[in-house]
Amino acid sequence: MFIVVVSSLLLLPLFCSGGVYLFLVYSSLILMVFYTFYHMYMKFLCYNYLGFGLGWDYLSGLMFLLSLWILMLVLWSSLKLFTFSYLSHYVQLLLFILTFLYLSFSSFNLFFFYMFFESVLLPTFVLIMGWGGQPERLRASIYMVFYTVVSSFPLLICIFFLNGYFFSLNYYYLMYYSSVVYGWYFYFLVIFSLLAFFVKMPVYGVHLWLPKAHVEAPVSGSMVLAGVLLKLGGYGMLRFFIVYKYFVMFLINFYFIYIFIGGVFSSLLCLYQFDMKSLVAYSSVAHMSLMCLGFLSFNLFGVNGGILMMISHGLSSSAFFFLVNIIYERSGSRLLFLNKSGGSMAPMLSVWWFLFMSVNIAAPPSMSLISELSLFISIISKDFFYGSFLILFSFFCSFYSIYIYYFTQHGSGSGGLYFKLVDLRELILCFMHWVPLNLFIFKINFFYSVFF
């Protein structure tokens, strides 16, 4: 049904004007959100295998629901930035991204997953190159393509090897039979396979493309990249972790130490950033490191906490990039030192900065609190020694969140900068980011139904 709807939406610009087209696209996305949510809530939308390498389970539904919600907010956030003469091309590009994401989340054949996993890169590249605001967007796009393509090539080789060894690339088949095979070469398969997902998330050490891509991307590109595309790496990692579970166990201490140190360093780097977009991008690296540790713990608390972290961080990071763009549209700069005293110039905007800062430091009643508690419990259950790293991580995460809030909303103004009133569209978009983050805590079992 989804493919039929999207195919119809892609052809609509031939028959209707820009305003009507945007209305039809937005209405279709809203209907798909309600349809997916209803069927997941009623447990109707769980088909393990539909043929042609495609299938659907609860995790696929959650990730697709997040993609629909973020893309819906992205469309609304971009109304001021694009004239109607180019709007149809821009909307079609976002629909292509949504289609590739849907096919990635629905693929239970590893080769199909790899194909759609890499296909998302092309419309993202066009989005940054076509709607980025600075000449440096070419370098940022090349960084992104180089990192993701080079790191994904070993994953393709591993998929071919698995096909030759098991004569099947079905996810459930590999998950069952991988527990009865032995061989030293499977450890290299684990390392090479996970490299692609470490780059896509990313974790520290292979993250250099992310701040550059965020800084040069338009607000829509940053919201899609942080809200959905980084989570595609976490989704793929979780799928492959379950397949390689018995071999990852022997490398788990190495991965734990490396990702812990990388997460703390990423948090420290946030304190050295002057560009607000770059700071939010580095904070994503730190949070994705914590999510990865939850998956590595291989217990229900860790896996469900990591999934909840993906959803909560997808919404909160998208909201932060949108808030940064609101300031940028009014001041013409993203530098922290040129955007002080926002609280006195736009008090309503300052309230939203405080609310999303609270979400980022896992203050109640946000979903981030439940996700981080679950992740902390699962990580400490592996080894109490890791608790010291968690204390450092939690401290620095709170520190840089308060740091960006303090610099943008307090202090003396920079002389001459003036904020016009925040319009209703921007306030509604902030509210639509905030509502799922805080109200779904009353129905948290909706997200914990993935593996419980």
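Glycine is treated like the rest: Cβ placed from N, Cα and C.
Listed features, source TrEMBL:
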- 2-103: domain 'NADH:ubiquinone oxidoreductase chain 4 N-terminal' (DOMAIN)
- 108-392: domain 'NADH:quinone oxidoreductase/Mrp antiporter transmembrane' (DOMAIN)
- 12-38: transmembrane segment (TRANSMEM)
- 58-79: transmembrane segment (TRANSMEM)
- 86-105: transmembrane segment (TRANSMEM)
- 111-132: transmembrane segment (TRANSMEM)
- 144-166: transmembrane segment (TRANSMEM)
- 186-210: transmembrane segment (TRANSMEM)
- 222-242: transmembrane segment (TRANSMEM)
- 248-272: transmembrane segment (TRANSMEM)
- 307-328: transmembrane segment (TRANSMEM)
- 349-379: transmembrane segment (TRANSMEM)
- 385-406: transmembrane segment (TRANSMEM)
- 427-448: transmembrane segment (TRANSMEM)
Mind checking which residues of the chain, 6+ beyond the ends of the transmembrane segment (427-448), have their Cβ under 8 Å from one of its Cβ atoms?
40-41, 62, 69, 73, 76-77, 304, 307-308, 311-312, 315-316, 318-319, 322-323, 348, 352, 355-356, 359, 364-370
Please give the average pLDDT for the domain 'NADH:ubiquinone oxidoreductase chain 4 N-terminal' (2-103) in this predicted model.
73
How about long-range neighbours of the transmembrane segment (248-272): same chain, 6 or more residues beyond its ends, C-beta under 8 Å?
187, 190-191, 203-205, 207, 241, 279, 282-283, 285-286, 289-290, 292-293, 296, 298, 382-383, 386, 389, 392-393, 396-397, 399-400, 403
